[in-house]
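Lifted from TrEMBL, the feature list:
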type: DOMAIN; residues: 53-125; note: domain 'Membrane-bound transcription factor site-1 protease-like N-terminal'
type: REGION; residues: 131-195; note: region 'Disordered'
type: COMPBIAS; residues: 142-151; note: compositional bias 'Low complexity'
type: COMPBIAS; residues: 159-169; note: compositional bias 'Basic and acidic residues'
type: DOMAIN; residues: 225-473; note: domain 'Peptidase S8/S53'
type: ACT_SITE; residues: D233; note: active site, charge relay system
type: ACT_SITE; residues: H264; note: active site, charge relay system
type: ACT_SITE; residues: S430; note: active site, charge relay system
type: DOMAIN; residues: 504-632; note: domain 'MBTPS1 third'
type: DOMAIN; residues: 633-897; note: domain 'MBTPS1 fourth'
type: TRANSMEM; residues: 1018-1038; note: transmembrane segment
Amino acid sequence: MQHDTHNLARMCIFHAILKRVIFFYELWFGTLGEDGEKALLSYTSTLGCEIYEYIVRFREYQHAALHRQALEEVGQTEKWQWVERNNPASAFPTDFALLQIERSISAIFVIELGKLSFVKDVSPQMRFTRALMTPRSEEESSAAQSGGSSDSKLEPPWGDDKSATDHAQMKPPGRLQTSMSHEDGSPLPGNTSLVNHGRTLLLQRSQITSMFEAEKLWAKGFTGAKVRMAIFDTGVRADHPHFRNIKERTNWTNEDTLNDNLGHGTFVAGVISSQDSQCLGFAPDVEIYAFRVFTDAQVSYTSWFLDAFNYAIATKMNVLNLSIGGPDYLDSPFVEKVWEMTANNIIMVSAIGNDGPLYGTLNNPADQSDVIGVGGIDYSDHIASFSSRGMSTWELPHGYGRVKPDIVAYGREVIGSKMTTGCKSLSGTSVASPVVAGAVCLLASVVPEKERWQLLNPASMKQALMEGALRLPGPNMFEQGAGRLNLLKSFEILANYKPRVSIMPNFLDFTDCPYSWPFCRQPLYAGAMPMIFNATIINGMGVVGYIEAPPTWVPFEDAGNLLHIQFTYSDVIWPWTGFLGLHLRIKSNGSSFQGTIEGNIVFRVLSPPVKGENIPRSWECILPLKVAVIPTPAREKRVLWDQFHSVHYPPGYIPRDSLDVRNDILDWHGDHLHTNFHGMFDSLRDAGYFVETLGSPLTCFDAAQYGTLLMVDLEDEYYDEEIEKLKEDVETSGLGLIVFADWYHVDTMVKMKFFDDNTRSWWTPATGGANIPALNDLLAPFGIAFGDTILNGVYSIGGERAHYASGTDIQRFPAGGFVHRFLFQDHSGGHSGITSSRTSVESPILGAVEAGSGRIAVYGDSNCLDSSHIMSNCYWLLKKLLDFTSCNIRDPVIFPATNELGTALGMQDSPLPMRRDDVNFSSYSLVLGQPLRCGTDAPLAVQGTRGYKQEQREPFPNVGSKTAVSQREAMDATVTEQVVLPTPVDVNMMATSPAASGMHHGIASPLLDLTTLTAIQWLIPALLCTTGFVLIISLWRVRQRKRRRARKGSSRSLSNL
């Protein structure tokens, strides 16, 4: 790729020269005044000319020259520079352009560009980086075990002189990418309790292909022939002896080579298609198309991927393996291009991520329902410790995540091809991904070539893989998906396949533990918040489908009529997949029922007819469901978890809760009971508590039904109505309230600000670990407030040893309450909250008090409940606090007489932590600027209203019909624009982009002679600079004359005296 940057660069140089001329003039004549030093610093900081690159996406595919012409006709060409992308995709129409814009005008001009009728959107050019895993120190391994994200690597915004520690601490939050596979023998991220599983098998150096019995398909003559396999990686060498069918190698980077100089792309290609007897691949006759999208420095850019994706569509690739990923599912250009590729019948296989054993750590694009997301297992069929776990977090807080990974395959110490010759072993989900991709190529060759790609598509292949998978006995659905790849079973399914629709999981047995965790841990009962499950619809009949009529519940027995199911589902199933959301409730007349309820959920899916058919395709879907039901528990045993006020990455820079965790700066695991708080959930269930989730505002629950409202690690703001209702709920209705906060320190947040070279923008934390100013507003009616210190240390209470990690203190607490103080190190104000000059202070961190009929307990740190960064859990403390708030049981450990406050803690007029006035929090908030409404996750009585004890309004139209749990709602997605199509003809057009259909446009663009252009470019700046220089000399001479005259006048006056 060549960047034609001369015009913009020279314009920037000219502007810089003018700035320097003006600066030196002011400095020479003393007009800088008292701000001279600041001006000098400003001058030195602007020596460079910052040029930003932006991706402009258009509404239509056209040749690049036509897009450029359209932009030039709008005018303002002096504000942008077209970047030529000289790669194989330039021969085809494109849907985007890459522009360079000078930083000083970028913000306003980008908005202007986005308003053009033919422009879809404008987003920063992002840089992807990933790194080979190297052996880590024991300390680093420990950090990974405690929850650090070890597979996401980004290049820091500084040079190489920074230490590795600083790098980890300040890793920029651009599009995070999964690292390459781990070298054989290198430590693996995450909990290492399973590291030694399968060592005996491994010593035999078993072929990965033999583990899945691929040789049985080879014996039948199936070897992957006539299947086009796209490998997006670091390339492959043309003369590599392991490959017999490398059809094409393309380079999408700015390096002039097609070879793999790192070895990762070669390894992936080897797992898929190697013919070497020591490291056989699954499909030795597959046609390999190597897309080199990473440089030798392991760097890539969004535009490189988009061009390569477009080329894959245009050249009709069949299967695509992408062994990278990241948590940014709001990266619209990337995500929507993946949708477009699968809509064009490319079967995409992607690694689920190496952020295990943590939950809620799925990587994109593997977390998309149209992509086959692959997790990793070892040779003993245990889930690999490094393999990311579900659920997806797109749908929070109102909905519930989808089941991912789709399937698991061996990913620990798999044998594959070396860079030049020979074999080696690697580990990681980026190894498990090509295992499945190779199997997909082999399975595709089973279908006769004549009808192969009429029958095979991303949906039918996913059906064959998931329905044929072998469910493992130990892991739950969010660890293994459908189970381990079963090549021969999938072969049988494909050999007899007819287009149809299926649902995954295909049977919902919520009494089946451990597979159906967490649903099997807590039965249904009347009056509870709905149990929400998000099933995936896989439509093998076509890229587009519709649910003909709302699903129906057909119980097997009369008791099944006690179950009420509210359905939400995709308006349009596209591409190939959709969602079916189930909101399960027990009716009020079932409050004393105990037993199981079974039945079927039934609905019909329609798809437009394909070529040669006259009527729409149709399929009746039947989803069996089995749930356990118990009588409604006593109020004191019911706990309500506030999910609504949790904000996580993306869309903003929400920082981690523990500042001691250096290798993961983002709070991106969902903060849900079933993701990073799953350990706490299991602990409460073991203690006999029933924990329900509130995904709507605090006005949307009946306080009389619950013993305690549990609020942990919350970042959002609160409606005034919520504050008023909570006060009444506690003081009048006897609701218990427990709040676990986190650090909040404005100076520390300011110091955590940095320029992200990936998104070409400044990133600053939207809040602290928790939004303390908002929590203080909520707790103000009770006389409680948190402070803004950052405390770290270890303390003991009642014989229990606890770790306090980046927590805050209690600044105000009412008289009569019980407060615990401990000696901690105060880290406030240091770099990212950590400084070498630490002071020890005795700080109040735990408080409990009665408030009217209710009871309140507060604690300044949530890390002891969060499985992501937990060092030692405090589940024991939470249970003691619940005993108090729900049952009024006063444990002497929490309520010693010596800790009772005779007078209120803190002065009422003392300053409290303030909100940042330089951050637009409304960009991330579900409260600010949003109407107060209860969603489909609230009780039926208040859905679409402002909630209990509020002025009732008309409900939302169609609440609970077709809107809530969609993964695409988070995107303001193109789907709405593209899928709501009136006729079958229009619908079918969705499957093909102009690039794929071979549309070409002529080029008619007159170009100036280079010599003339160069002369024009330099003439005006040269003249202006000369004029400026003459002007400065003239002004200097005038000033000198005035000074000489003034001196002569002074001499004459003195003589006269």
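The backbone N, Cα and C atoms fix where each Cβ goes, and this holds for glycine too.
Bear in mind that TrEMBL entries carry predicted annotations, made automatically and left uncurated.
Spacing of S430 (active site, charge relay system) relative to H264 (active site, charge relay system) is 9 Å (Cα to Cα, whole number). Set side by side, the active-site residues D233, H264, S430 differ in how many other CB atoms lie within 10 angstroms of their CB, and the most is found at S430. Taking DSSP states H, G and I as helix and E and B as strand, the domain 'Membrane-bound transcription factor site-1 protease-like N-terminal' (53-125) has 30 helix, 28 strand, 15 coil. Distance between Cα atoms for H264 (active site, charge relay system) and D233 (active site, charge relay system): 7 Å, as a whole number. According to DSSP, the domain 'MBTPS1 third' (504-632) comprises 11 helix, 65 strand, 53 coil. On the 0 to 100 pLDDT scale, the model's mean across the domain 'Membrane-bound transcription factor site-1 protease-like N-terminal' (53-125) is 92.
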